[in-house]
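*Asks:* Could you have a look at this structure, given as structure tokens, before my questions?
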Number of protein chains: 2
Amino acid sequence: MSQEARQTDETYEEFLDHVQTYNYVGDAAGVLGWDQQVTMPEEGTPARSKQSSALSTLRHDLLTDDDLAAWLDELDDLDGERGAVVREVGRAHERASAVPEDLVKRISEASSNALPVWEGAKADADFSQFEETLEELVQLRREYAEAIDPDRDPYEVLFENFEPYIDIETAEEILTELREELPDLIDAVAESDVEPADPFEGEYDPDRQEDLVREALDTLGYDWDRGRLDTAAHPFSTGTQFDARVTTRFSPEDPMGAVGSTIHEFGHASYTLGLPDEHYGTPLGDSRDMTVHESQSRLWENHVGRSLPFWRLFTSAVEDHLGVDTSPRALYEHSNEVYDDNLIRVEADELTYHMHIIVRFEIERDLIRGDLDVSEVPGVWNDKYEEYLGVRPENDAEGCLQDIHWSHGNFGYFPTYSLGSVLASQLFAAAERELGDLDDDIESGEFDRLYGWLNENVHEHGCRYTTPDLIREATGEEFTADYFLDYATEKYGDLYDL
Amino acid sequence: MSQEARQTDETYEEFLDHVQTYNYVGDAAGVLGWDQQVTMPEEGTPARSKQSSALSTLRHDLLTDDDLAAWLDELDDLDGERGAVVREVGRAHERASAVPEDLVKRISEASSNALPVWEGAKADADFSQFEETLEELVQLRREYAEAIDPDRDPYEVLFENFEPYIDIETAEEILTELREELPDLIDAVAESDVEPADPFEGEYDPDRQEDLVREALDTLGYDWDRGRLDTAAHPFSTGTQFDARVTTRFSPEDPMGAVGSTIHEFGHASYTLGLPDEHYGTPLGDSRDMTVHESQSRLWENHVGRSLPFWRLFTSAVEDHLGVDTSPRALYEHSNEVYDDNLIRVEADELTYHMHIIVRFEIERDLIRGDLDVSEVPGVWNDKYEEYLGVRPENDAEGCLQDIHWSHGNFGYFPTYSLGSVLASQLFAAAERELGDLDDDIESGEFDRLYGWLNENVHEHGCRYTTPDLIREATGEEFTADYFLDYATEKYGDLYDL
């Protein structure tokens, strides 16, 4: 080994050690976040905020550190796995270094203060209480985007916080295709005479529901030695390849809601658990961004959990735990019912879901670009719901105040939900091209082949590839909405006799 | 305000901000520790170890930071509350700075490696498997003590890690007094004809036991909005004044074990919860060291939870939850029974407990001072048990391998258990001097006066006073074993008709 190569190896080791510390602290913060949402006593917040904020400051210091900058310079021409690590860390370092500390602090404080204001406004269904706060958050995020790159579209810059590698044009193309193609299908469903079955009535004990979703996790092969299930107000999953936890919640009237949400979070966790142990703490052992993560949750939730073969497998569990008499077809219909008067994103089916996302995307894009005034948000929101979904919110709580994202100061996040669903279809199709039809696997509870394919083509790469490269490597194609549209047309055609 | 005073204020603010970050990270590490023992899935350990170790390294860096050293120098002559903060931080800074990083790392690694070796040796009841490991831990801790102060007794230096302000001579005097005074009382109990009642037989459902200990916590006024109860293999409590949690465990055959252990942890938590909110993150909002902490757990466990008035209050709860027919006197006798053939520290009564501690203290002191060879530990242990307690372990598992402390590399910890019990008696006597007899309060479930006294005289000072000053302020006297010996003589005289 040359003197120079040996020097590079040494520098890379120092660099990697620093990166690992940064990531370990991030995962520690993740444990604090899980605890806060799942187990923390209610008056623990003041201390927890300070603990989380201290970890966040230390992480920022580690990421903007001068040593790190020097190592990144020195390691600039590495390729392969080491090059990927340098690329990912370099990108995060540049973003963090570009934003003045004072602005980071103002955004963090504004977001903390915004949460109770948004909660109050939502409780009173009164956007005017939140208007000034939202205005401040929009302005701060515009400043943030400008600090990172004053010459680019600020919305694009923010979008890259959640999806750094799919360019905004591609994202907009896909959303536009959904906006153009889906309404006809949604209209056809609305006009269909088919009345989907609903085998449920009355209320179902949360303890019985919990037994049921635990059996769903068992059935899908969730690794309990590296995971756990708890309840949380807003279901989420979090963790590492050694410990990836899921949460759910139970609504007495809607037992299938918990099943769907649990399988969704299982999908996220299955990605996390599939990351390579040996790269823990580095980008090679970390998941790709929101689009890919959401593709995994959506794949399991929709392509497996809302399929007829799955209900052939799992109907008896529903009958046993909930004491209902039903059939696979009935549960398949029920879990895919399109509610054409639904105003709430998180209760949407696979079709209308994207229209909910497109409303949010268009509004946040225009806010950040300065093309829309904050005061106009409720009116524009309601108009778009009427235009895209044929329903008009009666108040701001079921309208533009329903989601938490903007109060967190997160603009540019929403599109990744749709992109993730679309990618799920593309990946599932690629898996079936290689493995053959997966219906029999699903119906017999054999998930090893599907899981193996996802693991080999998605999970085990960590952040080795950029998102477009990962999609290309896994599917042999560019990112496209075609597979989702085919899937949706076929599935809802069957369900609604179109 | 003078220029100089303003400058001092500014420096103090910067200094305090740094100290708070250090403490917030410590509390974050505490959350990770709780999670690891209570909720973490079993295969989460590799990732958790790295997260905890990263936080520990960052804490060490914050504590040995050059800025901190400069601030400490500059703030050297502050008095009052600010002086106390500088004293506490300065002490921690000096210790951390004196020990080479490499040694810190070696101790940490040796302790991690020691745990499974100790567990294996204990499972096989074979000290020889652990001997080499213990030898290494002893040597490392001797090096550590030498790094801090090569001119002082190394055991004294280590003891100060757990009890920095009570000097080792005082500690030894108190332990010696216990060793000289207690055996007569223990012998008298052993010779007594009294057979303490035992109202329990068979096994008791852990769920019913949990209901019972929850009612015990309700009865004592545990603040559930700032706490929670879980089970753990080794019961402990942890947290901050905003979130102080307790754990317990249930043995089917010994339902009173869980009650006692829960009240013990409640005592720790009540101290933590009594620390002032406004000083969170600074030494003024942090608890004094092990002796004072243990005094609070022992006071509630022994002086309240093992008293006749408490059983007058709580017997009906035991009858209701466990379905037994008993009496306050029977539960009082049962919860204080002296088992003169007991070999296990954590199962010991209030009298023999101290003899268990003294064995450990004498052995670890001699090991660290170089007066005892590691290979001699099992023999010396067994001889001392025979001498002090009249029983001889049949194997090392029930002998010198029973406690985890040495495998953690903790030498100098054990004495604080006895010192804490002794201090509990002194504080309880002082409270009764001021408030009058507390029997009626306890019997009627009125704990406000006792809690108020402890809060005012102990909790709310945080680390404002050194331990001896705190004792003097609270009781008007120096630290003494007299109150414990009087209490023990009276209590066991009554119980065993002496």
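Note that Cβ sites are derived from N, Cα and C of the backbone, with glycine treated the same way.
Quick paste from TrEMBL:
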ACT_SITE  B:GLU265  active site, proton donor/acceptor
BINDING   B:HIS264, B:HIS268, B:GLU294  Zn(2+) binding site
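Explain the structural surroundings of these features, please.
*Replies:* Counting every protein chain shown, 27 other Cβ atoms lie within 10 Å of the Cβ of B:GLU265 (active site, proton donor/acceptor).
For B:GLU294 (Zn(2+) binding site), other Cβ atoms within 10 Å of its Cβ number 26.
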*Asks:* Setting B:HIS264, B:HIS268, B:GLU294 aside, what same-chain residues sit with their Cβ within 8 Å of the center of the Cβ atoms that define the Zn(2+) site, listed in sequence order?
*Replies:* B:SER237, B:GLU265, B:GLY267, B:HIS293, B:GLN296, B:SER297, B:ARG298, B:TRP300, B:GLU301, B:GLY420
*Asks:* Within 10 Å of the Cβ of B:HIS264 (Zn(2+) binding site), how many other Cβ atoms can be counted across all chains shown?
*Replies:* 23
*Asks:* Sort out the sequence-distant neighbours of B:HIS268 (Zn(2+) binding site) for me: same chain, 6+ apart, CB within less than 8 Å of its CB, listed by position.
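*Replies:* Once residues fewer than 6 apart are set aside, B:HIS268 (Zn(2+) binding site) is near B:SER237, B:ALA244, B:VAL246, B:HIS293, B:GLN296, B:SER297.
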*Asks:* Could you state the whole-number distance in Å separating the C-alpha atoms of B:GLU294 (Zn(2+) binding site) and B:GLU265 (active site, proton donor/acceptor)?
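*Replies:* Distance between the two Cα atoms comes out at 10 Å.
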